């Protein structure tokens, strides 16, 4: 009797293990393709937005999704080692030219940021199939509240960036391409 119950769980566990392994394989293969990943997420987001627009509902689910994405964005824009907390310990990001250089490391890396946002849109899309979650609300109030929350949060984050002099983006930073080939430099000399 005990053995019969164990046999029914083995194929399910094997299928789950195989699915998990295959999913992780494709997730790992997608890592270097940043643009394609974000375009896929944009497509998933557009499908979700069209569904909410078509149904004219699920605004509370959308509001929760917006708050979650805002939380992820703060993690993406914040340094791994917060200078405000390190100031209490004595170690912090360099603020003068003579200080030791420390590269900007995100609290939430880009890949995890992308994965969490994509997963959030998929979960929110699935939640739109449960009518119990379609709570009747006046959506313009939720939208205004989210915009105020976004502006206040971004203002605080930008002031933090200015105070501790860090930029979480690669815009304007020097890139090194490596050595020029000797054939190119010899032709230029001729």
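Even glycines carry a Cβ here, placed using N, Cα and C.
Please treat TrEMBL annotations as automatic predictions, because they have not gone through curation.
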For the transmembrane segment entry in TrEMBL, name the matching range from 83-100, 137-154, 155-172. 137-154
So which residues does the transmembrane segment (113-131) touch in its own chain, when a touch means Cβ under 8 Å and the partner is 6 or more beyond its ends? 27, 34, 37-38, 40-41, 44-45, 47-48, 51-52, 55, 57-58, 61-62, 64-65, 68-69, 72-73, 75-76, 106
